[in-house]
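*Asks:* Below are the features I grabbed from Swiss-Prot:
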BINDING   CYS268, CYS271, CYS303, GLU310  [4Fe-4S] cluster binding site
Amino acid sequence: MSEIIHRSKTRPVRVGSLTIGGNNEVIIQSMTTTKTHDVDATVAQIHRLEEAGCQIVRVACPDERAADAIPEIKKRINIPLVADIHFDYKLALKAIEGGVDKIRINPGNIGRREKVEAVVKAAKERGVPIRIGVNAGSLEKRILEKYGYPTAEGMVESALYHIRILEELDFHDIIVSLKASDVRLAIEAYEKAARTFDYPLHVGITEAGTLFSGTIKSAVGLGAILSKGIGNTIRISLSADPVEEVKVAREILKTFGLASNAATLISCPTCGRIEIDLISIANEIEDYIAKIKAPIKVAVLGCAVNGPGEAREADIGIAGARGEGLLFRHGKIVRKVPEEQMVEELKKEIDKLAEEYFAKQKEKEAALKGNAVE
């Protein structure tokens, strides 16, 4: 089973039922593409995101119709809700009043101090954190005049400007993002931010692109950032169905052992030795394990000679041969199965492992409760 790597120490911030930062696992976030005022469409998309593994969802809040929809949306979903606000402090107040779990707004863009104070007061009263979102493409004019073009230094300076406004009002439930479409710039900005302050960081590569190119760009950039222990929430920005963003985020986190509730697939690239339809089998198993909330590593390999040895790290797997397959656990052969039964037998073994994992988790929870009572 995969081990969870804890992130760099950051200040913990509560967002609804979740804690962001403070050595907790990296949380997956996405954003709806519906018109927020269309409650039914928005809720339906959020339910699809939840099913895919999204843990926090953000909605655009560009006008009063969107802000008015917040209470009904909140009532019908199961994950924390974030309202994305630009400039209009009244929309922030309405979203907070409507029960949103977090707002994304830059206090320096709201206007007069009394407007900022009103938002901070409302956020404090309801325990709603604020995410400061710095974007390389929309840095303040004074920052661009100082540095000439978007730089990591300028992005961190912009973040600190907004942070200090909130800190002066004794508000510290802050999360920060420093996004850029340039991967190297994003990496440098997040590195500098991590050295500069201890607020949780929401990481992402903005405007990454289409499903194919955006996935690669995000994996390269966020992989580099996560490998340094930086990042507390993650969002993949794709010109695609937001469910795809969640799938990509889960795969990236699984690669680093940062997803405690996701199964992983290992499959070989195929070669002339293969006697089974490995590609279709691998795709079927990948779809099957996508919704399994247990850290199981599954292998689908085409060669019975090298397969078990190549997948010693896998919890369970199959290696194909002509007319049959080898079912193995941790590199040791369990039994042979006919080719036509390989997939179903593997699915049964995956289900058994998942049940074992959930049973152990329940035992741990019961033991912890027992210790607490004593």
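Every residue gets a Cβ built from N, Cα and C, even glycine.
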*Asks:* Around CYS303 ([4Fe-4S] cluster binding site), which residues of its chain at least 6 apart sit with Cβ under 8 Å of its Cβ?
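*Replies:* Set apart from CYS303 ([4Fe-4S] cluster binding site) by at least 6 residues yet with Cβ under 8 Å, we have CYS268, CYS271, ARG273, ILE274, ALA319, GLY320.
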*Asks:* Work through the binding-site residues one by one (CYS268, CYS271) and point out the residue whose CB has the fewest other CB atoms within 10 angstroms.
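*Replies:* Candidates: the binding-site residues CYS268, CYS271. Fewest Cβ atoms within 10 Å: CYS271.
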